[in-house]
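Q: I have a structure here, written as structure tokens, and I will follow up with some questions on it.
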Amino acid sequence: MSNFKSKYHDELIANAAYIGTPGKGILAADESTGTIGKRLASINVENVETNRRALRELLFTAPNVLQYLSGVILFEETLYQSTAAGKPFVDVLNEAGVLPGIKVDKGTVELAGTDGETTTQGLDGLGARCAKYYEAGARFAKWRAVLKIGPNEPSLSILSIENAYGLARYAVICQENGLVPIVELEILVDGSHDIHKCAAITERVLAATYKALSDHHVLLEGTLLKPNMVTPGSDSPKVAPEVVAEHTVRALQRTVPAAVPAVVFLSGGQSEEEATVNLNAINQVKGKKPWTLSFSFGRALQQSTLKAWSGKEENVKNAQDALLTRAKANSEATLGTYKGNSQLGEGASESLHVKDYKY
């Protein structure tokens, strides 16, 4: 039982439930300056503040798109940016009924004495940052822990002490300052493991994480989970969406408490269409699913939009149309009603996998 007490108790529960509204999901637009630079470089656009702001404005002002979103995760720079006309992005989102969120971790660092295993940085000063972000309009936060599957990893000590407990400390600090914490656990798709290995590791990781959250008295009703879907490794043959769905839902059923209002999947390098089709299959699985099963996609919502835009003002409408197509498709997938799209935008079927992905 959580002993969490805070003036934000009811607000946290309400905001977490709102983000988990069926038919809606999260746009992850919180790429660091370095990561968004790589995205811009792929379309031959310079990584400067004006271009980063232009891309975010394109995303946040796309006609009819925000109706399919309940939240947008921002990078710190973006939280304080405005449209070209001077309207703060936070106001643009709030007026459309979309909650602004904020990335609060400081990236990963390799742990000495391990075979490339990592822990996430950013706990120092987190409380003060969260208070500042809440004041600026953010209502939820994201912290990404990264694990990989290999012959000997993730090790139990790294899993439970470093990453699970780091996530738990982050979560309770966020809640003390009014932010709903997204607990993000990404098991990288890198490797040749089969889907059964991924399922076993995913279950182990989730079980350790919820043990840590309980130990730290985190209010589960005021949290969200952002896990990977259960898939084979990138060097293994793909399996049908129904197989991904079966293994993913079973892993959640075995480990995620019903008190959690929503599970918002990361795309993990899947193509836009693959991520949507798999999400749709997950929502078509019969059986006990006490949480909303939705999306928190970055690359898998933006790839065809980036390709269509290419940094040119005259392409903004086409780029926003591409974003609308993907947002609507993923909204349908959260309801299990997506029928597929015969007219995919450029890049929608392109694998977005990057080995040892840094966000």
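Note: Cβ is positioned from N, Cα and C throughout, glycine not excepted.
Sharing the record's features from Swiss-Prot:
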{"type": "ACT_SITE", "residues": "Glu184", "note": "active site, proton acceptor"}
{"type": "ACT_SITE", "residues": "Lys226", "note": "active site, schiff-base intermediate with dihydroxyacetone-P"}
{"type": "BINDING", "residues": "Arg52, Lys142", "note": "substrate binding site"}
Q: Given the recorded positions Arg52, Lys142, Lys226, state which is nearest to the residue listed as 'active site, proton acceptor' when distance is taken between Cα atoms.
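A: Comparing Cα positions, the candidate nearest the residue listed as 'active site, proton acceptor' turns out to be Lys226.
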Q: Distance between Lys226 (active site, schiff-base intermediate with dihydroxyacetone-P) and Lys142 (substrate binding site) at the Cα atoms, whole Å?
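A: Lys226 (active site, schiff-base intermediate with dihydroxyacetone-P) and Lys142 (substrate binding site) have their Cα atoms 9 Å apart.
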Q: Which three-state DSSP class does Arg52 (substrate binding site) fall into?
A: helix
Q: Sort out the sequence-distant neighbours of Lys142 (substrate binding site) for me: same chain, 6+ apart, CB within less than 8 Å of its CB, listed by position.
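A: Correct list: Ala28, Asp30, Ile73, Gly101, Ile102, Lys103, Val104, Asp105, Pro181, Ile182, Glu184, Lys226, Ser296.
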Q: Using a 10 Å cut-off, grab the number of neighbouring Cβ atoms around the Cβ of Arg52 (substrate binding site), all chains included.
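A: If we count other Cβ atoms within 10 Å of Arg52 (substrate binding site), we arrive at 22.
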Q: Tell me, how many other CB atoms lie within 10 A of the CB of the residue listed as 'active site, schiff-base intermediate with dihydroxyacetone-P', whichever protein chain they belong to?
A: 23
